[in-house]
Amino acid sequence: MSKEKLVQNTFFFTLALAIQKAISFVYFIFIARAISVEDLGKYSFALSFSTIFAMFLDFGMAQVLVRESARDKNNSQKYLSNVLGIKLIASIFVYLLVVVTVNLMGYPALTKKLVYVSGLVMVLDSFGLIFYSVLRGLQNLIFESRGVILNQIIILIIGLLVLKLKLGLAILIGVYFIGSLFNLIYAASLLGFKYQVWPKPQVAKAMVVKIFKLSLPFAIAGIFIRLYSYMDVVLLSKLTNDEAVGIYSVAYKVAFALQFIGVAFSAAIYPAFCKYFVSSQELLAKSFTKAVYYLLLIALPLSVGLMTIADKVISPIFGYQYQASILPLQIMMVALVMIFLTFPVGAMLNATNRQSTNTAYLGIISIFNIMANLVLIPLFSYVGSALATLLSYILLFCLGIFTVNKIIKYDKYYLAVSFLKIFFSCLAMGLVIILTKEYFHFILIIPLGALVYLAVLYLIGGLTKNDVIQLRDLVLKRA
């Protein structure tokens, strides 16, 4: 892939993800305001529950399709056909597993109906993903970028119509079915007409065995990620009630809407880590140090800012009925700092051939997260789930940084001093927000807080002109 094409692909895909996240967040706000807290809980549970089962259907095959198509485009048809054959068979069993499991768990009829619909969405999404995976392997993310945005726009328009007409939760989740169907047809058509790679299912024993062997490492990591990302909602639903899930979902959505910043940054630094691992340990250590510093620059003010203004944001945006989301949101904003820091740590482990170590840590976190939820939810309900999330990411960061310490000698003193300067600037910002939020609208408070943070940080030497230039260059090169 040429440098120009790499830059073009990265720019369009990162921009598309940002737009998709923004539209998705706005759509969620409309849903939260239009339905009751209990109904939002049912809605969130159904989507989370079916998404967990996607791990059995995806099984890491998407990553295999990307890699093998990128290595030799002539293999794209062969791999796609066999993955399609596997998924056509597996989708029947996985969907039946979803239906049987939700019935065994004793949920009411409406909740089961929502899960049935979201299960169909999960199946369609899984098929759409494999077509997009081949397109990625063929090194054209522009089409996927368009598809991601169009899909979200379709969901937004039809979803708002469903909310206005009050057609019910099942139809509301069915909107995702329409969006997923569009994605599937769009991606399959592009692949066929532009690259002559057609959706022709096939099951060749030797190829199937090979695909399963290649996908197993990706599948294990994917299973762990699904478990610790979505199991909290399922456990909260089972151990408490739909209202608790609705309250938690709002806090979770706000906190994790910002996660894409860390994902994009991680994607930007990963190639540099891979290069320097081979060529220069010194540059690898410096790159890691700077990556952590830049993420602290972003994550800490986001965390402190939203923690201090949360009580003025939740009600105007989501409605007074979600006031209880303030405390779990504040807890998860602390977790956001740890989440951001796990991105460069994870990128370092993967870039230095510690993928198995990283996967093992994800497994530990999955088990810990489930156990923490089982202990904390009965004690603190949705606040317990937020605490479990915080503790899980603290543990993940600690495990990862322990291993990074063995790989490189990064500048701990520089990071400690930088952290104190950033933290002090955040405290100044937080104090200004607390003193002014009773007198001004939060839309005015946010830029005021940002200005205070940057001004104090600059005055105490926490941010230099050179830092700004380096950060700008990193963003421009990768985006």
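Glycine too: its Cβ is placed from the backbone N, Cα and C atoms.
Curation plays no part in TrEMBL annotations; they are all automatic predictions.
Features as listed in TrEMBL:
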TRANSMEM  12-31  transmembrane segment
TRANSMEM  43-67  transmembrane segment
TRANSMEM  114-135  transmembrane segment
TRANSMEM  147-163  transmembrane segment
TRANSMEM  169-193  transmembrane segment
TRANSMEM  214-231  transmembrane segment
TRANSMEM  251-270  transmembrane segment
TRANSMEM  329-349  transmembrane segment
TRANSMEM  361-380  transmembrane segment
TRANSMEM  386-404  transmembrane segment
TRANSMEM  413-434  transmembrane segment
TRANSMEM  440-460  transmembrane segment
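Tertiary neighbourhood of the transmembrane segment (12-31): same-chain residues 40, 43, 141-142, 144-146, 148-149, 151-153, 155-156, 159-160, 163, 172, 253, 257, 260, 263-264, 267, 317-318, 478-479, selected by CB-CB distance under 8 Å and a gap of 6+ residues from either end.
Sequence-distant contacts of the transmembrane segment (43-67), counting only residues of its own chain at least 6 positions beyond either end whose CB sits under 8 Å from a CB of the stretch, comprise 31, 35, 76, 79-80, 83, 86-87, 90-91, 94, 97-98, 101-102, 111, 114-115, 117-119, 121-123, 125-126, 129-130, 133-134, 136-137, 169, 172-173, 176, 211-212, 214-223, 226-227, 230-231, 233-234, 237, 242, 245-246, 248-249. Within its own chain, the transmembrane segment (114-135) is flanked in space by residues 42-43, 45-47, 49-51, 53-54, 57-58, 61-63, 65-66, 69, 76, 79-80, 83-84, 87, 91, 94-95, 98-99, 102, 107, 141, 143-144, 147, 169-170, 173-174, 176-177, 180-181, 183-184, 187-188, 190-191, 195, 197, 199, which lie at least six positions past its ends and keep a Cβ under 8 Å from the stretch.
If one looks beyond the transmembrane segment (386-404) by at least 6 residues along the same chain, the residues whose Cβ comes under 8 Å of a Cβ in the stretch are 228, 232, 248, 251-252, 288, 327-329, 331-332, 334-335, 338-339, 341-342, 345-346, 348-349, 354, 357-358, 361-362, 364-365, 368-369, 372-373, 376-377, 380, 410. Residues of the same chain lying 6 or more positions beyond the ends of the transmembrane segment (251-270) and with a Cβ under 8 Å from any Cβ of it are 10, 14, 17-18, 21, 24-25, 28, 233, 287, 291, 294-295, 298-299, 302, 306, 313, 325-326, 328-329, 332-333, 335-336, 339-340, 343-344, 346-347, 350-351, 382, 386, 389, 474-475, 477-479. The list of residues near the transmembrane segment (440-460) in space but at least 6 beyond its ends in sequence, with Cβ under 8 angstroms from a Cβ of it, reads 297, 301, 305, 308-309, 312-313, 316, 421-422, 424-426, 428-430, 432-433. Using a Cβ-Cβ cut-off under 8 Å and counting only residues 6 or more beyond its ends in the same chain, the transmembrane segment (361-380) has close neighbours at 220-221, 223-225, 227-228, 231-232, 235-236, 239-240, 387-389, 391-393, 395-396, 399-400.
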